[in-house]
Structure formats: structure tokens, C-alpha cells
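According to TrEMBL:
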- 26-523: domain 'K+ potassium transporter integral membrane' (DOMAIN)
- 536-781: domain 'K+ potassium transporter C-terminal' (DOMAIN)
- 20-38: transmembrane segment (TRANSMEM)
- 63-84: transmembrane segment (TRANSMEM)
- 152-170: transmembrane segment (TRANSMEM)
- 198-218: transmembrane segment (TRANSMEM)
- 224-249: transmembrane segment (TRANSMEM)
- 270-291: transmembrane segment (TRANSMEM)
- 303-325: transmembrane segment (TRANSMEM)
- 346-366: transmembrane segment (TRANSMEM)
- 398-418: transmembrane segment (TRANSMEM)
- 430-449: transmembrane segment (TRANSMEM)
- 455-473: transmembrane segment (TRANSMEM)
- 485-504: transmembrane segment (TRANSMEM)
Amino acid sequence: MDLEVAEDYKSSTIKKKESWRTVLTLAFQSLGVVYGDLSTSPLYVYKSTFAEDIHHSETNEEIYGVLSFIFWTLTLIPLLKYVFIVLRADDNGEGGTFALYSLLCRHTKMSFLPNCQVADEELSAYKKKDSAGPPVINIGFTMKSMLEKHKVLQKMLLLLALIGTCMVIGDGVLTPAISVFSAVSGLELSMSKEHHKYVEVPVACFVLVCLFALQHYGTHRVGFLFAPITITWLFCISAIGVYNIILWNPHVYQALSPYYMYKFLKKTRLQGWMSLGGILLCITGSEAMFADLGHFSQLSIKIAFTSVVYPSLILAYMGQAAYLSKHHIIESEYKIGFYVSVPERIRWPVLAIAILAAVVGSQAIITGTFSITKQCSALGCFPRVKIVHTSSKIHGQIYIPEINWTLMLLCLAVTIGFRDTKRMGNAAGLAVITVMLVTTCLMSLVMVICWNQSIFLAIGFILLFGSIEALYFSASLIKFLEGAWVPIALAFTFMVVMYVWHYGTVKKYEFDVQNKVSINWLLSLGPSLGIVRVRGIGLIHTELVSGIPAIFSHFVTNLPAFHQVLVFLCIKSVPVPYVQPEERFLVGRIGPKEYRLYRCIVRYGYHDVHKDDMEFERDLVCSIAEFIRSGNSDYNGGGMEEFEKEDEKMAVIGTSSSFNEGVRMCDNDDDDDPGETAGTSELREIRSPMVPRKRVRFVLPENPKIDRDAREELQDLMEAREAGMAFILGHSYVRAKRGSSFMKKLVINYGYDFLRRNCRGPSYAWSVPHASTLEVGMVYHV
């Protein structure tokens with residue numbers, strides 16, 4: 001399956017209405033990417049439900065009650081909640097827990113890091129259309145004010161989002177384990193139990209190792225197989241379901257009545273309530289419909305679920321129930337599983353398809369774990385990790401080696417440690433239902449704050465879906481000692497890491513703000529900054545979006561020379577999925593023109609792909625050149641807006657590829673004639689008179705109005721670019737202040753310091769060449 005159509009579609013829907021051909025193509029593709037996990041749940045639902053808590057009897061009340069619970073759970077949660085309600089809460093086409101939190105942050109003027117600017121609110125992706133109609137009750141404004149004023153509420157909301165995110169990562173450990181193990185368990189019907197226990201675990205571990213070992217190739221390389229495998233699997237289970245219904249019990253449809261849920265709970269009581277943790281597994285993978293929204297569209301996901309996935313799953317569960325209703329003698333514990341209802345003549349082909357389907361379902365959650373880790377890292381909630389983009393056209397297709405091998409080791413540990421579906425199901429069920437509960441809570445806030453809906457509608461949403469999910473959550477939590485402790489332990493570990501990193505990052509930024517250098521100090525140095533200015537461009541990395549960082553004074557006082565052009569570079573993430581190329585850069589000048597000091601803020605969304613170093617350097621220099629050419633104080637239109645920011649004015653400037661009319665740069669390594677520059681009669685060039693190894697040419701629009709000072713400034717910028725760039729990074733050592741509490745010292749001095757020393761440095765995020773990097777250490781007392 002080729003997912004490139006999905007990414008092309010996402011950008012095209014902004015401008016034109018989606019065609020049915022595109023929608024159906026995306027619906028077909030979503031079957032393999034979104035529904036792989038959900039479609040493999042029939043492998044283990046009945047087996048987990050009837051593990052120990054309840055037993056199948058000749059009255060069939062248990063099996064009918066379980067079927068009724070499965071039907072209504074699938075109808076209310078995936079169909080009603082996700083398909084018809086939650087999918088509408090997208091963040092510019094992106095979904096997931098962090099997308100909801102990002103949406104709330106923008107509407108309540110909260111932020112992951114305190115580096116928001118007025119210019120960020122002018123981003124096209126930042127604005128969100130509210131739902132039609134005025135607010136019924138003015139409760140939304142009150143809730144906004146409460147969240148903006150009370151830091152405790154903001155921390156609670158962040159904590160809630162982190163819990164949901166960590167449970168998704170925990171699901172990335174448990175879903176591959178239970179899916180692959182359940183698929184392989186079909187071998188138990190062809191060998192004795194003594195031999196089976198020595199074969200099942202090694203085979204499952206082998207499949208898991210192969211699955212994670214292939215991740216670095218990227219989903220798109222084998223993606224064309226995903227949808228056909230899932231469709232084949234859904235066809236098999238639905239056909240087997242229809243066969244079993246007709247052959248064994250055509251009246252099994254009567255169990256769809258909610259009355260059988262009442263009879264089930266009345267007969268089984270406490271044991272029936274505890275067995276709900278197994279029934280819960282029928283909706284594992286539902287969250288993927290929302291999380292993977294960015295690769296598809298709402299309509300395509302709805303069509304795929306309502307027309308293919310939902311009816312196939314219902315038929316599969318009904319078929320298993322029909323078979324079990326006529327087979328009451330259970331010879332061994334695995335006779336209640338999926339494969340026993342498969343006709344013996346096709347059992348081996350179905351086993352092979354099931355293993356492939358389990359791999360597809362596992363692939364979806366692993367890819368989702370990579371994506372959500374990237375989101376958290378981009379927004380300052382996770383240590384920097386190596387992110388490999390496996391496709392140049394599909395931004396969502398990424399590979400993170402550290403996360404991949406960590407997931408593999410944890411999956412193998414769960415498989416070897418548990419060795420049975422029951423405890424794996426208990427663990428996976430708690431992870432899934434926790435994510436759904438978090439989504440329900442965040443969704444109710446979105447209804448009131450972002451959609452301006454009535455508070456009663458939000459309360460009704462929570463009461464309907466929250467009560468159902470709370471029932472399943474309690475049934476899963478009671479199995480704490482029987483496997484449910486695993487997702488809690490995993491989530492707690494990841495949440496501690498994420499919260500410590502976020503806390504340390506915020507404190508470090510606050511230190512920078514409190515200790516930044518005044519503009520008066522800079523002016524007192526004069527144009528030479530008190531030192532020798534050498535040729536070249538110096539990029540000084542800083543987290544500040546305004547003012548002069550304290551580390552700059554260390555540079556000036558400790559280095560004998562500085563570059564003729566200095567750029568204070570801030571690479572920041574904004575709470576939107578994508579930033580348009582024409583809105584990428586914010587450029588301003590620090591001090592008078594003759595100082596040749598600039599500030600450049602590069603803005604990325606949490607799903608944006610960072611460019612390689614050469615293209616990034618070109619865009620950076622062109623953005624500064626365009627800033628100089630346009631004249632910050634004289635510019636009056638053409639896609640550039642000015643924003644006052646303390647001692648400087650910032651202008652919105654796009655990348656060089658987004659310029660319709662603007663400065664373009666040509667790098668030449670030879671002595672070609674200047675007239676051969678890639679220009680027409682409509683373009684003319686300013687070129688450095690010097691003859692260095694690399695020639696830099698700025699190609700300007702026809703008849704640009706450039707005064708003498710701007711022309712000299714462009715000349716200096718060209719000469720500096722020809723001489724090369726140097727990246728100056730501050731190597732920070734963060735320590736807690738004297739008198740800080742024991743907990744703060746523990747978090748900062750040990751937790752944050754350990755994570756900082758063992759994660760990727762900021763130079764890796766830029767793909768900065770080590771040969772042109774200079775690091776200067778500084779101690780932060782936060």
C-alpha cells in the first residue's frame with residue numbers, strides 16, 4: 001500500500017473538496033494502517049473473558065451476555081464516540097491525545113514552554129474555527145479564565161495529557177505481545193500441551209524480534225501489503241462467523257438485546273463484573289482512528305469502519321458465540337479460544353493470515369508510538385531522541401531507534417514473563433481504557449472551551465461514555481496483581497521521565513529570561529562589540545525569543561574574536577501540527593544596523609520535518625537577506641507582518657522556496673560567468689567582489705528599492721556566507737539553587753542531569769557538522 005496519496009490528500013483538502021475516488025482510496029489504505037489492531041481482537045477476547053472469572057454453562061446465559069456486551073461496547077465506543085464525535089476534534093487535520101491538549105492550550109493561551117509570542121497566534125494553523133452558533137452558556141469563558149489564572153489547573157491538565165500519552169506508549173509494548181502471542185497460540189490445537197508450551201513462546205519471540213528488526217525500513221516500504229492482509233483477515237473472520245451462525249445457531253442474533261447484559265450480570269455478579277476486563281479487549285485499537293487521523297481524513301476513516309470493520313467484527317463475534325453455544329464441554333482452557341471455531345480444513349491458512357494480521361496490527365501501534373514520542377519531544381515533554389524519517393514524502397513515517405529497541409525488550413519481557421493471554425489481556429485492557437478515559441475528559445473540555453457548546457452537552461458526554469469506561473476501568477484495575485500492574489509501572493516510569501524533562505526545561509528557560517543581558521550593555525560595546533570581528537557568520541543558539549542571552553556575555557569576554565555577522569538562532573516548537581513555509585521564520589535586528597546582529601526564530605509544528613543542514617542554512621541566510629532588502633520599518637505588505645518585541649522588530653518571512661518575489665541565493669564552487677546565474681531579464685544580482693572558494697550570489701527581484709545602507713548590509717552578509725558558518729552552542733550544567741527543597745534537588749541535580757547527559761544534544765536536532773561547532777559551558781542555578 002502506498003501512503004503517499006494520503007499525505008498529498010491532506011494538503012489538497014485545504015483548497016478543494018475531496019473526491020469520492022480519493023476518499024475510497026484512503027478508506028482502503030486506512031484498513032491496513034488504522035484497523036490492524038482492532039481487527040485482531042477476536043483472537044483473544046472470548047479466551048480472556050472466560051479465563052477464570054466466569055464459566056460457560058449449558059444455559060448459554062454467559063456467552064449471550066458476553067456477546068451482548070461486545071456488541072454494545074463496539075457500538076457505543078468506536079462507532080458513536082470516536083467515529084461521530086471525537087474525530088471532529090481534530091487539530092488542523094491531526095488527532096491524538098496531544099492534539100486535543102494542543103487545541104486546549106491555544107484556546108486558553110497556555111503553552112508547553114513560556115516562549116509564546118504574539119506572532120505565533122497569527123499563524124494560519126493556529127486559528128481554529130469554532131462550531132456554528134453562539135455559546136448557549138458563557139461557561140467557556142469562565143473555564144478559560146480559570147485555566148489561565150491557576151497554575152495548578154494547568155499542571156493538572158498537563159499531567160492528564162501525559163498520563164494518556166504514557167499509556168499509549170505502554171500500549172505499544174502490550175499490543176504487539178498479546179496480538180502475536182494470540183495468533184501463534186493456534187499451534188496449540190495441532191500438538192499436545194506438553195510440547196505446545198515449549199513452542200509457543202519461542203515462536204512468538206522470534207516473530208516479535210523480526211517485527212522490530214524491520215522497523216528501520218519504514219512502513220511505506222512494505223505498506224502495500226497491509227490493507228490486503230487486513231481485508232483478507234476481516235473477510236476470513238466474517239465468513240467463518242456467517243458459517244458458524246448458519247451451521248450452529250441461527251438465532252444467536254437475539255443475544256444482541258441489552259436484556260442479556262442484565263441477565264449476565266444478575267447471574268454472574270462479582271465474577272461477571274471482573275470478566276469485563278476481557279470484554280474490554282474488543283475495542284483495543286479504537287484510539288488509532290483518532291491518533292492516525294493526520295494520514296487520512298474523517299470521511300475515509302468513517303467509511304472504512306462503518307462499511308467494513310464494524311460489520312465484520314460483529315459477524316466474527318456472533319459466529320464464535322454461535323459455535324460455543326452448541327459446544328458446552330470444555331476439554332481444556334484453550335477450547336474457548338478463536339481457533340476452535342475455525343473449521344479444521346482451513347485452520348492452517350487462517351493461522352498464517354492471523355499471524356500476518358497480528359504483525360500488521362502491531363506495526364500500527366509501534367508507528368503510533370514513534371509519532372507520539374516525536375510530538376512530546378518537539379514540545380519539550382520528552383528527551384531529545386534520534387528521529388529517522390523513512391520517507392521523504394510521508395512526514396508521519398518515522399523511526400526512532402532508542403524507542404524501537406526499548407519496546408522490543410519490553411515486549412519480549414512481557415511475553416516471556418506472562419506466557420498466557422489472560423495476564424497480557426489484563427495489562428493491555430487497562431492501558432487501552434485509561435487512554436479512552438483521558439480522551440473523554442479532554443474532549444469534554446474541548447466541547448466547552450473550543451466549540452463553545454453548552455456545559456450540559458459536555459456533562460452528558462462524560463456521563464454517557466465516562467460511566468461506561470469507568471466501569472471497564474474498575475474491572476481492569478481489580479486485576480492489578482494479575483497483570484494490570486504492568487501498564488501502570490510502564491506509564492509511571494515514562495511519566496516521571498517526561499515530567500522531569502519538562503520541569504527542567506521550563507526552569508532552564510526561566511533562568512535564561514531572568515538573566516538575559518540588557519540592550520544598554522550591548523550598546524556600550526559599540527559596533528565591534530569590543531573585540532575583533534572576523535569574516536563569517538556565527539549562529540548562536542538560544543532558547544530566548546527576545547533579549548540577549550547571558551551566555552553571549554561569556555562569549556564576548558572569553559573569545560578573542562567574533563564573526564562579522566552574528567545571528568541569535570532560536571528553534572522553537574509551537575502548539576500546531578504544521579507551520580506553513582511562508583510563515584517559518586521570524587527575523588529581527590538587535591541593535592543598530594552597523595552591529596550586524598540579527599535574531600532569527602525558526603518555528604516548527606510538532607509534526608513538521610526539520611530540514612537537513614545545507615537547506616536549512618540556505619533558507620536562514622535568504623530569510624535574513626529578505627529582511628534586509630525589504631526594510632523592516634518600510635515594509636508595507638506582501639506576506640510580511642511586523643511585530644514589536646522589546647528592543648527589536650520581528651518580521652514574518654518564509655523559506656526561500658516560498659518566495660514569489662524575494663531574495664534567492666546561488667552557491668557556486670567555480671568561477672562561472674556571473675551572467676550565467678539562473679535568472680532571466682526579470683532578475684538581477686548583487687554579487688560579492690571578492691573571489692573566495694565558494695561564491696555566493698543574491699538574486700533580487702526586478703527594480704528592488706534598496707538604499708545604500710541595505711546594499712552594504714547585503715554585501716557584508718554575502719561575504720560572511722562565503723567565509724562559512726560556525727555554530728556556537730551553550731553547554732549547560734543545570735543545578736538547583738541553594739536552599740531548594742530536597743525533591744527539587746533530586747529532580748534537577750540527578751533526574752534532569754541524567755537525562756540531559758544521556759539524550760541527544762541540540763546540535764543533533766539541526767544536523768550540525770561537528771567540525772563547525774563550538775560549545776561553551778555555563779552553570780544554571782534554577
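A Cβ is built for glycine as well, from the same backbone N, Cα and C atoms used for every other residue.
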Here the stretch out of 63-84, 198-218, 303-325, 455-473 with the most C-beta pairs under 8 Å to the transmembrane segment (270-291) is 63-84
Beyond a gap of at least 6 residues from its ends, the CB atoms lying under 8 Å from the transmembrane segment (430-449) belong to 77, 81, 85-86, 89, 97, 100-101, 103-104, 107-108, 139-140, 143-144, 147, 157, 160-161, 163-164, 167-168, 170-171, 174, 277, 280-281, 283-284, 286-287, 290, 455, 457-459, 461-462, 465-466, 469-470, 472-473, 476-477, 479, 484, 487-488, 491
Per the definition of 3+ C-beta pairs under 8 A with sequence separation of 6 or more, do the transmembrane segment (152-170) and the transmembrane segment (20-38) touch?
no
Does the structure show the transmembrane segment (346-366) and the transmembrane segment (455-473) touching, where I'm treating 3 or more Cβ pairs under 8 angstroms (sequence separation 6 or more) as a contact?
no
For the transmembrane segment (63-84), which stretch among 198-218, 224-249, 303-325, 485-504 has the most Cβ pairs under 8 A?
303-325
Taking the transmembrane segment (20-38) as reference, the highest number of CB pairs under 8 angstroms among 198-218, 224-249, 398-418 goes to 224-249
Long-range neighbours of the transmembrane segment (455-473), counting only residues six or more past its ends (CB under 8 A)
73, 76-77, 81, 85, 137, 139, 276-277, 279-280, 429-430, 433-434, 436-437, 440-441, 443-445, 447-448
Given the transmembrane segment (198-218), its same-chain partners at Cβ distance under 8 Å and 6+ residues beyond its ends are 176-177, 180-181, 184-185, 187-188, 191, 355, 358-359, 362-363, 366, 388, 390-391, 397, 399, 401, 404-405, 407-408, 411-412, 415-416, 419
